[in-house]
Each structure stands twice: as C-alpha cells, then as structure tokens.
Amino acid sequence: MPLVVVCGLPSSGKSRRTEELRRALTGEGRSVYVVDDASVLGAQDSTVYGDSAGEKALRAALRAAVERRLSRQDVVILDSMNYIKGFRYELYCLARAVRTPLCLVYCIRPGWPSRGLPVPGACESSDPAVSVSWRPRADYGEKTQAVGAVEQRAISPLANGGVPTAVPKELDPKDILPSNPPAVMTPESEKSAEPAPCAFPPELLESLALRFEAPDSRNRWDRPLFTVVGLEEPLPLAEIRSALFENRAPPPHQSTQSQPLASGSFLHQLDQATSQVLTAVMEAQKSAVPGDLLTLPGTTEHLRFTRPLTLAELSRLRRQFISYTKMHPNNENLPQLANMFLQYLNQSLH
C-alpha cells in the first residue's frame, strides 16, 4: 500500500499530523505503520542532526525501516524532517519499485524561516500560546530597542539644554526607572511548557533551516504535495485518500525493475556459442570473395563478407557482445545466441 512522507522543520506539527492521519486510516480498517526518528535513534537525542556521519546513518536506518514495511497491503508513514531532496528521491524509487503510490505532507509553522516556494499564511506571526524550544534573536532585539527608547525619553530634557525639574524629597517608586533593562516576560503558557530533553539547540535549528530543501510539486518525487500551515489548518484527508488509494502507481523503469534471473549455465552457453561462430567465420572466409553471404552451421542469419577479418578484431567484438549480454541475461534467448551474435557482427563491421 502507499507511502506517506511527512516533511518539515522541528516543532512544525509533523508528529501531530502523523497521528491524525494514522487515526483516520485505522478507523477505516487499514493497517498503518509509522516510522519515526524515535524508533530508530533509541538512546540518542536529536543532536544527531549536528553530526554528518550520524545523520547519514539515521537516514540509512529510516530508509531500511521503510523498505522492510513497504508493501502493497500496508500504509507506511515516515515521520521525520526529510529535508534532503536526494533522500526523498530514494523514497520515491522505493515506492516505484514496489509499484505503490506515494504522497508528501509538508508541515510549516507560521513565522518560521522557509527556503522553498512562498506559501500563503506561512509568514504570519506565530501564536505565543504554543511553546517552542528556542526563541528568535529578533524578539530580544525589539525588546532591547524598546527599553532604550524609554531611557532616551527620560533623559531628553537634559540633552536638549532644558532645565531639570525639582525632584521631590520622596519619590514615588513607580516613577523611578530601573537601572537594568527589565527582563523579557514569558507568557504563562510558555512557562508551563518545558522543552523536551531532546530539544534542538538554537544553533542547530538555524543550521537545519539554512540547509533545508523545501519540497517542490514540480519534481515528480515531491508530488502529490500537500502543504499544511500551522496546527489550526485542517489536514486534507479527502485529498490524501484520493492520492493514496485512487491514483495509479508510477510505472517501473529499468533502475527500479528487477532483472530477469539467468540460469547457472547461461554464461557457459554464451561463451560456447560465440566461440563456435568465431571459428566458423574464420573458416568460411578462406574461400569467400567480397560480396558473398557467409552461411554458418547452426544459424539462420547470414554474414556479408566485405573484407578479410582478423582474429583479433573478431575477438574484440566477441568480448563486447558478451559484456552487453551479461548485463541483460534472459534464458529465452539461449537458442538465438548465435544468430544474435551474427546480427551484432553485421552492424559492427564496416
């Protein structure tokens, strides 16, 4: 059955969307398997994305887990960032080899950096009630500028040459400006939501955002593409069902189709048949003149004789024919190996 690839930056709602889709499909009586980072990482944490070797091993483990589960009977959901388009192409080839459909669900959090095509609603300010494990540096800059403006207004009369007003002996505590900038206030929802032990460090989040390769529906391995912005936007379940269960699977091609199995004696018979043709050609050309059609025993094809052929030239063409035939073995061609070799000689000799 189909493969669903969930894509997006950390804390963009991928796991929640995965669980929502899993419940919807299991409610219809379908078998659904979820492959995520937690089932592969084990005791490691999310900092594995900061190590190129560890991240490469993680992608290999995710690909192997998907390949084990992928079949024509079960739905497999891959819940991971999947931010490298080359890795998404590998998943596309896996689905194509099994002849099962594939779709991509791209989760975007409003206000987070996006390097792909512009998505409506993705540049809106994020909801402060939703807790995150990091805070953009711009938030601190705006608050620091606001504090500096208050201090500048407090000393502006003195800076413009004005006369300071008399200060009463007893000042109201509310009128006294603090010497240090006020601390950034955190909403109660953010105070109560503690980051998970495997929270992504800010530097790692910035690095992931920079090297994130957003999916593009113009690429065949990224379509059909369903983009979901935020957690309030409903998941297009009807469109996803149509893409998974009503669309035709991509047709296999040579890179994803298994080669036909050859018998154990195929190479031996190939070597024997071409060797016999080579010996017969060398013998027949002794009494032939240019323009004759050489008839060889055990073949129905004819070889047009145009000039004397050397054994070295025929041996080179024989090696080329054997190398090509070994790449495409087929037991059905065993009786026609000699005729195929003669056809190859007619096309190669000038």
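Yeah, the Cβs are placed from backbone N, Cα and C, and that goes for glycine too.
The ATP binding site annotation in Swiss-Prot covers GLY8, LEU9, PRO10, SER11, SER12, GLY13, LYS14, SER15 and is backed by sequence analysis. Feature annotation from Swiss-Prot assigns N6-acetyllysine to LYS143; the stated evidence is similarity to another entry. Annotation comment: Swiss-Prot describes SER156 as phosphoserine, evidence class a large-scale study or a structure entry. The region 'Disordered' annotation in Swiss-Prot covers 161-196.
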Out of SER11, SER12, SER15, the listed binding-site residues, fewest other Cβ atoms within 10 Å surround the Cβ of SER15
Within 10 angstroms of the C-beta of LYS14 (ATP binding site), the count of other C-beta atoms across all shown chains comes to 24
Filtered by Cβ under 8 Å and at least 6 apart in sequence, the residues in the chain of GLY8 (ATP binding site) near it are LYS14, MET81, TYR106, CYS107, ILE108, ARG109
Listed in sequence order, the residues of the same chain lying six or more positions from GLY13 (ATP binding site) whose CB sits under 8 Å from its CB are CYS107, ARG109, VAL228, GLY230, LEU231
Other than GLY8, LEU9, PRO10, SER11, SER12, GLY13, LYS14, SER15, the chain contributes near ATP (Cβ within 8 Å of their centroid) the residues MET81, CYS107, ARG109
Per DSSP (three-state), LYS14 (ATP binding site) is helix
